[in-house]
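According to Swiss-Prot, the features are:
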type     : residues : note
DOMAIN   : 33-284   : domain 'AB hydrolase-1'
ACT_SITE : Ser111   : active site, nucleophile
ACT_SITE : Asp251   : active site
ACT_SITE : His278   : active site, proton donor
Amino acid sequence: MEFIEKIREGYAAFGAYQTWYRVTGDLSSGRTPLVVIHGGPGCTHDYVDAFKDVAASGHAVIHYDQLGNGRSTHLPDKDPSFWTVGLFLEELNNLLDHLQISDNYAILGQSWGGMLGSEHAILQPKGLRAFIPANSPTCMRTWVSEANRLRKLLPEGVHETLLKHETAGTYQDPEYLAASRVFYDHHVCRVIPWPEEVARTFAAVDADPTVYHAMSGPTEFHVIGSLKDWKSTGRLSAINVPTLVISGRHDEATPLVVKPFLDEIADVRWALFEDSSHMPHVEERQACMGTVVKFLDEVCSAKYKVLKAS
């Protein structure tokens, strides 16, 4: 029987603002739903749209656009200090309550989404059943250090061009943008040309970079925003649910970047996609979805016993 998607869109009131969300599948199916947290901060749900495929397994999938982005309320005049990890944690909890799933849910956070998901999971919410940090940093200083290492391995002149414009602050110079794209094509998304949903997200960031610039910076690898010193290392052992770490062989989230997840979380496993960079859900879509579904089916079963720290 062919799977027919049941799709519902709506808005969750978040104080004076609105959080747009979409549910693919049936929240009343009895199977643990998966909440997908997009990256950035400042991106949109579009580029992680592929995770809707998971709904065919019976796990409903919730996408949402974080405040300031996509179809949610935009606040371009807010001071950079407004945009905090705490704000986005509150928004996530508000969405879980709005959808009435706070007693039973799993989280998949991609890139920054995994950072936010880590902060959420560290607090040990009672309804969280599983956590999937996909291509996510654990320490921004390590992230930047690894990005600098990867930059130096790019074709001749690219790193020097990036460095020249970063020193001058000329981030909108066409030469800088072109050099940045070389890095992105190697370590962010290796599907060329970029799929429409990926291009749509980057276009949305360009149209309103408020959150991205405030918290991250002008590019993936030049982090000068409020997250520049963020880290979850030393705190990840508090995560007490089954965890699946996802990354790509060519990922800017290198093995060194994701290693603390593997070292600190008691019940953890790692899926490394050999033909992917930062977006295995796009670059190896079928294999990635299969891995996620297999994990959810295993650990969200009533028979599963969570591994504890020894």
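Every residue number used here counts from 1 along the chain in the order it is shown.
Cβ from N, Cα, C; glycine included.
Keep in mind it's a predicted model, so treat the numbers as computed, not measured.
For the residue listed as 'active site, proton donor', the number of other Cβ atoms no farther than 10 Å from its own Cβ, over all displayed protein chains, is 26. Summarising model confidence by region, the domain 'AB hydrolase-1' (33-284) averages a pLDDT of 97.
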